[in-house]
Amino acid sequence: MGLFDRLKQRLTRTRTAISDGLSGLFRGGREIDNELLDELEEMLFTSDLGSEAIELVDQLKRQHKRGELKGEDDVRASLRAALLERLDTEPAEIVLAHSPTVVLVVGVNGSGKTTSIAKLAQRFTSQGKRVIVGAADTFRAAAADQLEIWAGRVGCDIVRKNEGADPAAVAYETVDRALREGHDLVIIDTAGRLHTQSNLMKELEKVRRVVAKRLEGAPHEVLLVIDGTNGQNAINQAKQFTQSAEVTGLVVAKLDGTARGGAIFGIRRELGLPVRYIGTGETVEALEAFEPQTFVDAILAVRQVSANS
Amino acid sequence: MFQSLTQRLSGAFDRFRGEKELTESNIEEGLRDVRRALLDADVHFQVAKDFVDSVRERALGQAKIADKGVSASDQFVAAVHHELVELMGPEDARLQMAKSGPTVILMAGLQGAGKTTTCAKLARLLVTKHAKRPLLVAADVKRPAAVEQLRVLGRKLNVPVFHQEGLGPADVCERGVAHARAQGNDVVILDTAGRLHVDDELMDEVAEIARRTSPDDQILVVDSMTGQDAVRSAQEFHSRLSLTGVILTKFDGDARGGAALSLKKVTGCPILFLGTGEKIEDLDAFSAERVAGRILGMGDVVGLVEAAQDKIDETEAQAQYERLVMGSFTLEDMLAQLRMIQNLGPLKKVMGMLPGVGQQLDNLDIDDKHIKRIEALCTSMTARERLQPDLIDMGRRRRIARGAGQDVGAVNQLLKQWKQMKQLMKVMKKMGMGAGMGSKAKRAALEGFSPSGELAADLGGGGMLDKLGGAARGLGGAAKGLGSMMGLGGGGGLPEGFDPSMLAGGGVPGARGKSATRKATSARDKDKQKAKNKQKRKNRRK
Ligand SMILES: Nc1nc2c(ncn2[C@@H]2O[C@H](COP(=O)(O)OP(=O)(O)OP(=O)(O)O)[C@@H](O)[C@H]2O)c(=O)[nH]1
Ligand SMILES: Nc1nc2c(ncn2[C@@H]2O[C@H](COP(=O)(O)OP(=O)(O)OP(=O)(O)O)[C@@H](O)[C@H]2O)c(=O)[nH]1
Ligand SMILES: [Mg+2]
Ligand SMILES: [Mg+2]
């Protein structure tokens with residue numbers, strides 16, 4: 001079952017059934033005019049597309065002026081194409097090309113890092129890979145406990161130390177153990193940090209350096225976990241984390257709600273970062289490789305909500 | 001492409017400079033920019049629309065009583081600011097306390113919003129400021145180690161944590177309240193699991209908790225980085241609970257606070273507190289003035305508009321201004337310098353060549369947050385204070401600190417830094433860098449900052465800062481000149497006692513951003529050590 005079906009299923013469980021947002025706009029046989037296109041812009045804003053929304057609709061308005069849009073189908077096709085054009089078409093999944101492949105996971109506080117790591121560990125363990133996770137969040141209360149419980153459930157190995165230990169040391173030790181014991185995949189959890197905290201961003205640089213010291217070329221992947229409910233701030237996050245930690249891809253978590261994670265368009269435009277996975281729930285199975293089509297369709301299906309209820 | 005609300009709005013306000021009156025035609029362009037700025041700041045589109053409408057109304061209403069001393073842009077700023085404050089206020093950062101029996105506080109929200117951390121912060125506040133004996137109840141039975149997380153925080157605080165294995169969340173909460181009653185705890189804080197507003201099962205669960213514990217306070221905890229979805233989720237939580245307040249977390253980042261605007265509008269509940277860090281003491285009372293000021297990037301706007309009205313003779317003021325700026329190193333200059341250091345790699349490199357600075361420069365870490373704090377302080381000053389910082393006495397320091405939402409220590413620190421930089425500038429001037437800062441940069445700064453354009457400059461963008469961009473380029477050139485000069489072995493020497501790290505974030509009390517020391521194992525160690533010492537002190541007192 002794809003994301004869209006899952007979302008649809010999930011949303012129809014709620015009292016208000018989802019209707020296709022774009023179809024909703026055209027209901028009652030409305031003609032395309034500026035008013036309708038403005039409403040479409042609002043619909044796109046609702047998905048956190050930000051100024052991309054304005055550009056997309058400006059383009060539609062130009063097409064409309066040239067008489068290229070006959071009805072709903074044309075609008076949908078044009079919008080869909082424009083959105084897809086803005087996304088990556090390459091396969092999203094992590095490839096375990098090294099032994100071990102080392103993945104560093106970073107992001108702001110509470111975005112979903114630790115849970116996403118559990119999901120990744122599950123995904124690769126169930127493919128028969130040997131996975132080890134490193135609890136390099138030595139700062140937040142019970143962070144290592146959280147990861148340890150997940151590791152137990154997934155059935156992968158873990159390296160952890162006491163609260164307050166040096167995160168770089170934990171990362172080093174994890175890679176070291178993987179090299180000695182022959183794991184296929186190393187995933188390192190880090191403490192949440194706001195991208196504006198330059199001292200903590202430096203800490204990440206150090207983790208990177210130390211990991212590279214043990215295994216040249218590592219980390220092979222740096223995944224930035226974005227909270228899918230975040231708005232335009234996610235773009236700032238991506239910029240800063242890319243600068244300090246050389247992010248290679250995104251995980252967008254919490255897309256099982258009504259948020260659509262449209263900020264990734266801005267991120268893609270500014271930084272060219274691909275989305276690798278999306279998180280669609282709190283269980284270890286709720287991780288999917290990113291599929292541009294379903295992602296875009298979910299945006300076109302957004303139901304408008306007024307703030308004046 | 002992506003501009004902050006401050007930059008965007010000051011762009012909008014710039015349009016009105018020089019125009020005497022707001023009219024229906026000249027206001028529209030500015031309003032369009034305001035709308036876009038709000039959307040970029042993640043304000044819900046409907047809220048943004050309504051906001052713009054009410055600003056239009058207010059600003060045009062004011063146009064009729066336009067005063068000679070107040071420019072169109074000043075009026076516009078005042079109108080926007082006023083509306084922001086109005087939308088987010090009134091301030092009422094008070095928890096509802098039960099008349100009899102323990103006060104029950106229910107904390108709810110989406111996953112990862114900051115509920116558990118904020119529970120601990122509230123407990124600390126209640127203990128330290130209100131002499132309460134709170135009980136924390138760990139009712140998240142779902143997330144791995146959620147109970148342990150709260151226990152760790154409770155231990156740090158010396159506040160008891162209630163939990164019972166094997167019970168459902170509503171049972172845990174009910175028994176927690178009974179436990180508090182038996183143990184004489186006067187406040188019970190219920191930490192619930194994160195849940196999605198579309199998850200009917202979990203929404204039923206939290207409604208059930210509320211039904212069985214009759215909370216006096218039902219608080220929605222919201223991540224301030226939340227986008228448009230803030231409105232949808234808040235609506236849904238509000239319909240299932242009777243929310244009494246909102247707490248916005250992670251406000252210590254660079255989120256523009258759009259969610260604050262939307263949430264107040266949607267729930268009608270007051271925003272009670274702002275979470276401003278990961279530490280247990282990082283909880284501030286919500287202040288609409290402060291958040292509006294932060295969104296707009298300025299301090300006390302109302303005061304500034306009044307000051308503008310007081311202006312008697314524009315030409316005299318202009319002349320005085322030029323005398324002051326050309327003759328001395330002002331706080332404006334300092335802010336400009338910091339920005340340049342931040343924006344221009346080359347200057348940092350050049351400074352690295354100064355004798356005695358090189359080795360220490362690794363510690364020179366000027367981050368956004370630090371500059372924003374300084375900016376907030378500067379904009380909370382009157383124009384005269386910025387130009388003649390020597391004027392700033394204790395009374396003024398207190399007022400400035402209040403306006404910026406910081407403590408007096410921060411003002412003291414800023415003035416100390418200013419003195420040191422002033423000295424440094426003298427040295428640099430001697431060495432030939434004066435050309436860069438003395439004339440070109442100053443003139444550029446001057447253009448953007450004249451008495452009539454004061455408010456535009458105060459917005460920290462458009463007017464002044466664009467000009468500073470030019471100034472910075474000028475300085476870049478001068479820096480190159482200096483580089484070659486230094487290559488020839490020229491030298492200067494730093495003023496005695498000058499400490500480059502003073503320019504960095506670490507110098508400001510309260511700023512979490514410490515300069516990274518080379519051998520620090522954990523950047524958080526220092527903060528933790530501080531917290532530990534504090535805890536020790538507290539324990540000793542008992
Ligand atoms: N609904 C939903 N919840 C999620 C998803 N991913 C994570 N969560 C929840 O979000 C909350 C925070 O997740 P964590 O994995 O602890 O986040 P983190 O980034 O590690 O947090 P810190 O380490 O504190 O910065 C938890 O309650 C998770 O169950 C998702 O895809 N959907
Ligand atoms: N920078 C910053 N971080 C915060 C703030 N409040 C909470 N956090 C961090 O945000 C992350 C999530 O906080 P939690 O308290 O675990 O969030 P929660 O809502 O209880 O999460 P769930 O129980 O999983 O739904 C942690 O890393 C906290 O340290 C804040 O005001 N500023
Ligand atoms: Mg974590
Ligand atoms: Mg929690």
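Note: Cβ is positioned from N, Cα and C throughout, glycine not excepted.
Per TrEMBL, GTP binding site is recorded for B:109-116, B:191-195, B:249-252. DSSP classifies B:GLY109 (GTP binding site) as coil under the three-state reduction. When other Cβ atoms within 10 Å of the Cβ of B:GLY109 (GTP binding site) are tallied across all protein chains shown, the result is 26.
In the domain 'SRP54-type proteins GTP-binding' (B:270-283), the DSSP tally of helix, strand and coil residues is 0 helix, 6 strand, 8 coil. Annotation source TrEMBL lists domain 'SRP54-type proteins GTP-binding' at B:270-283.
The region 'Disordered' feature in TrEMBL is assigned to B:499-542.
Feature annotation from TrEMBL assigns compositional bias 'Basic residues' to B:531-542.
The sparsest Cβ neighbourhood within 10 Å, among the listed binding-site residues (B:LYS115, B:ARG195), is found at B:ARG195. The Cβ of B:THR192 (GTP binding site) lies under 8 Å from the Cβ of B:LEU106, B:MET107, B:ALA108, B:LYS115, B:ALA139, B:ASP140, B:PRO169, B:CYS173, B:VAL206, B:ILE209, each on the same chain and at least six residues away in sequence. Contact annotation for chain A: of the listed binding-site residues (B:GLY109, B:ARG195, B:PHE251), none places its CB atom under 8 A from a CB atom of that chain.
Within the model, the domain 'SRP54-type proteins GTP-binding' (B:270-283) shows a mean pLDDT value of 92, rounded to a whole number. The Cβ of B:GLY112 (GTP binding site) lies under 8 Å from the Cβ of B:GLY194, B:ASP223, each on the same chain and at least six residues away in sequence. Secondary structure from DSSP puts B:PHE251 (GTP binding site) in coil. B:LYS115 (GTP binding site) falls within a helix when secondary structure is assigned with DSSP.
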